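This report concerns only the one structure given below.
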Ligand code: FES
């Protein structure tokens, strides 16, 4: 304990104020919250006073994750933060009922001051988040970062990817726009085809077809349940990182930076990200197509992009549960990839595995393109 | 927690000690298990949304006057999550069949010329008996019973 550096005695008012509070509340414990959610990952001793802890954090050099390729993980957390903030703002005006969902979304975009910005940033953020979790999974797979001791990191990467997809799916329906309504309806059909999980899911969301219930439950899932689970996985990700450290290419020496540099990097990245989102939101805003009419299907609606592959299989004259089972098998196999690889032992060398993964990914891409062409007639 | 405690402490109560402890542990496990099951069951029961068209009065839908339907004309009845078409095929005959495509649930259109239903999504086609004529739909459309009383048309769904 005594070897740890101590902060200088309190001189300014500010220091004294901190000490005053710290004597009454364990501020270090509160601060350690930030370490759990990724700002820093220097291990800290929460029994020490906050100013000592801060001093220690400030003076310990660390390996910054604000760099490629670690930045992918950072972005999954940062974008989530932006989505949370814009989402909360949207919830101030949005009304999840079949009668007013469309109008309230419209009015956020049209009438509320800067409402369009919040809405479109939220939308673009979700697109980026989908892309980021996907690329991150590919890169973790490619670099073999599911192997011991990183199994849990891989597990939570897959968990985050599934959650992002579910968040996107539940969020898609909320504007109750023609396109989003029918896309979500298609999606429900695909979810329904999953053996066992499908019926369970539709019990959870209140039915196989769209209704007031489904809209309301999608809303609850979208704004409370799924985000909380997401936070859980973000925590798990940073927790594994504190234990097993950042990944690095074999033989490379860790590049250490100062804490100050790390924080300024984080700030710059956040600002750039926000600026990028604002630019996208301004240049390519969300297109409204009119309120959904449950009794009229427009031509050429597609399910959301991550469901295009099973959707392509739906056009084949085979029972639904076959693509459903395939999808479920992939979904369940993915988090357990480390165990599967370990079980296969020597038979699977790195190269073959990579090729197999690439093959699956390629197949998925091809099927998705086919699925996208289904409705284009 | 309970496991490590059991190992470190010496059983005090003579020979019946470990056996009894084990028994109590199993009992509490079973007890908690029953509670968990009950909780899960209650949660599932709560999450199951009540069916919308449950009451018997809802099962018979009044469509309107027979005279208002022209022969060969189809009317889309916006009935909850299962809309259907009512089609007058002759002076006395009226049929009703689901308007939801069995493929991926698009709402069908009535094709006046070919006297059938056509899907706007993947061009699935059904005849007026609900059978699939062409396209990807895997199943025939459900049809509903129609009755006419005092010049009014009713459909049992
Ligand atoms: S939904 Fe009707 S043919 Fe595909």
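Each Cβ is built from the backbone N, Cα and C atoms, and glycine gets one as well.
Just so you know, TrEMBL annotations are computer predictions that nobody has curated.
What TrEMBL says about this protein:
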- A:17-250: domain 'Cytochrome b/b6 N-terminal region profile' (DOMAIN)
- A:291-377: domain 'Cytochrome b/b6 C-terminal region profile' (DOMAIN)
- A:71-94: transmembrane segment (TRANSMEM)
- A:114-134: transmembrane segment (TRANSMEM)
- A:154-176: transmembrane segment (TRANSMEM)
- A:188-207: transmembrane segment (TRANSMEM)
- A:219-238: transmembrane segment (TRANSMEM)
- A:266-288: transmembrane segment (TRANSMEM)
- A:321-341: transmembrane segment (TRANSMEM)
- A:353-374: transmembrane segment (TRANSMEM)
Next item on the list: Grab the pLDDT values for the domain 'Cytochrome b/b6 C-terminal region profile' (A:291-377) and give me their mean, rounded.
Entry: 86
Checklist line | Candidate ranges A:154-176, A:219-238, A:266-288 - greatest C-beta contact count to the transmembrane segment (A:71-94) (under 8 angstroms) | finding: A:219-238
Check: What same-chain residues lie close to the transmembrane segment (A:154-176): Cβ under 8 Å, and 6 or more beyond its ends?
Finding: 76, 94, 96, 98, 101-102, 105, 126, 129-130, 133-134, 136-137, 140, 145-146, 183-184, 187, 210, 214-215, 218-219, 221-222, 226-227, 229-230, 233-234, 236-237, 240, 286, 288, 291-292, 304, 306, 331, 334-335, 337-338
Next item on the list: Please indicate, using numbers and ranges, the residues of the same chain that are 6 or more beyond the transmembrane segment (A:114-134) and have a C-beta under 8 Å from a C-beta there.
Entry: 72, 75-76, 79-80, 82-83, 86-87, 89-90, 93, 105, 107-108, 157, 160-161, 164-165, 167-168, 171, 274, 277-278, 280-282, 284-286, 306
Checklist line | For the transmembrane segment (A:188-207): best-contacting stretch of A:219-238, A:266-288, A:321-341, A:353-374, by Cβ pairs under 8 Å | finding: A:321-341
Next item on the list: Take the transmembrane segment (A:353-374) and find every residue of the same chain, 6 or more past its ends, with a Cβ under 8 Å from one of its Cβ atoms.
Entry: 138, 141-142, 302-303, 305, 307-313, 315, 330, 341
